[in-house]
Amino acid sequence: MRTRPDRPAAPGPRPRQALTAAAGVTTAVALVLALVVAPPDAVQGEAQRWMYLHVPAAWSAYLCFAVVLVACLPVVRHDAARPRAVARAAAETGVALTALTLLTGSIWGAQTWGTWWVWDARVTTTVAMGLVHVAFLATLALATTRRARRAAGLVGVLGFLMVPVVHLSVVWWRTLHQPPTLLAPGAGAPIAPVMAWTLGVCVLACTLLTAAALLTRVRSGAPHDAVVPARPAATAPAPRPQATP
Amino acid sequence: MRLAVPRGRPRAWLVLAVACLGLALLLTSAMRDGLTYWGTPSEVAAAGPPHDDVRLGGLVVPGTLTEEAAGSSFVLTDGATDVTVHYAGALPATVREGEGAVVEGRLDGHVLHARAVLLRHSNEYRPPEETP
């Protein structure tokens with residue numbers, strides 16, 4: 001029942017199209033707000049606009065890894081096939097967004113910190129979060145038995161532990177990265193209302209885009225299962241690691 | 001140009017090996033050096049004369065920043081201990097008085113000869129003030 005191939009792998013075209021349309025409209029509004037309406041920062045100048053891509057990308061990566069966690073629970077329990085496809089799509093999207101976070105952070109850092117890359121706790125744990133999920137994808141691709149797939153699901157569940165570590169790394173350790181402004185433990189830091197609004201719309205746009213990408217990926221990736229040894233040309237879904245030292 | 005990338009299971013094994021190796025490297029370096037990126041001037045002063053380069057974080061004391069083509073200097077403070085930072089050449093434009101900075105270099109008493117000066121900006125965001 002769960003693996004019946006004719007069953008649609010995700011919501012049909014109409015909800016998906018509505019989601020894609022909402023994502024498109026929100027993204028257009030977000031771009032105008034981030035590039036035109038929001039003022040440059042008093043200290044960082046125009047470079048601060050990278051925040052409107054960097055923060056949503058990081059948030060969406062967290063969200064993807066939360067989806068991996070939830071989807072992997074039934075995989076661990078009884079090797080569920082559909083949640084496994086969702087977990088794989090979410091991990092792939094999450095790894096791509098982690099790479100985008102590191103890339104935008106690097107450019108922003110070059111313009112404000114004065115360096116492209118530092119191995120401070122925030123950057124180090126973010127790279128580790130990406131690598132853990134690359135390892136999860138590889139484990140999933142290699143799992144051909146029920147037992148192995150359940151073990152891979154456990155990697156996906158435990159991998160989520162990296163999310164709070166990354167988010168709180170700037171609080172737990174002294175980093176070059178500044179502490180959080182909005183999702184901060186205790187009181188956050190002051191941010192001009194227009195900047196907060198812009199960031200909010202950007203986060204919403206990125207979340208919708210991520211959801212649309214995830215659904216598309218689940219649909220296209222659902223028929224594929226583990227890479228079987230008999231078919232050497234079969235697709236291995238694990239992407240290349242994005243940032244290794 | 002196409003690289004001969006293995007496909008299928010060999011590729012998945014390769015990706016797994018690279019990811020695990022990367023994680024192992026990050027973990028060992030974190031165990032060795034810790035995850036604290038910088039020390040305060042007071043901590044570094046209390047630790048005694050350092051053998052290697054140090055990385056100090058603090059605030060640039062307003063009114064102490066001098067910039068010349070031959071070299072720049074400013075005073076970095078954590079509120080209790082001050083360190084005078086000398087840097088050969090012009091400072092990066094992002095280093096400002098009253099803002100955070102992280103400097104890397106050789107500490108000689110209360111004078112630091114910096115190899116690198118990085119800005120550590122705050123988590124506050126606001127538009128530039130209107131100038132009447």
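Keep in mind that glycine also has a Cβ here, set from the backbone N, Cα and C atoms.
Caution: TrEMBL annotation is automatic and unverified by curators.
If you look up TrEMBL, you'll see A:22-177 marked as domain 'Cytochrome c assembly protein'.
Per TrEMBL, the feature transmembrane segment maps to A:21-39 (among others).
Residues annotated as transmembrane segment in TrEMBL: A:59-77 (among others).
Sequence-distant neighbours of the transmembrane segment (A:89-111) (same chain, 6+ residues past either end, Cβ-Cβ under 8 Å): 44, 47-48, 50-51, 53-54, 57-58, 60-61, 63-65, 67-68, 71, 117-118, 123, 126-127, 129-130, 133-134, 136-137, 140, 156, 159, 176, 210, 213-214, 217-218, 221, 237, 239, 242-243. The transmembrane segment feature in TrEMBL is assigned to A:89-111 (among others).
Under the heading transmembrane segment, TrEMBL lists A:123-144 (among others).
As annotated by TrEMBL, transmembrane segment applies to A:151-174 (among others).
Remote same-chain partners of the transmembrane segment (A:194-215), defined as residues 6 or more beyond its termini with a Cβ less than 8 Å from a stretch Cβ, comprise 10-11, 16, 19-20, 22-23, 26-27, 29-30, 33-34, 37-39, 41, 51-53, 55-57, 59-60, 63-64, 67, 86, 89-90, 93, 97, 182. Annotation source TrEMBL lists transmembrane segment at A:194-215 (among others).
Mean pLDDT across the domain 'Cytochrome c assembly protein' (A:22-177) comes to 94 in this model.
Only residues 6 or more beyond the boundaries of the transmembrane segment (A:21-39), in the same chain, are considered here, and those with a CB under 8 A from a CB of the stretch are 49, 52-53, 192, 194-195, 197-198, 201-202, 204-206, 208-209, 211-212.
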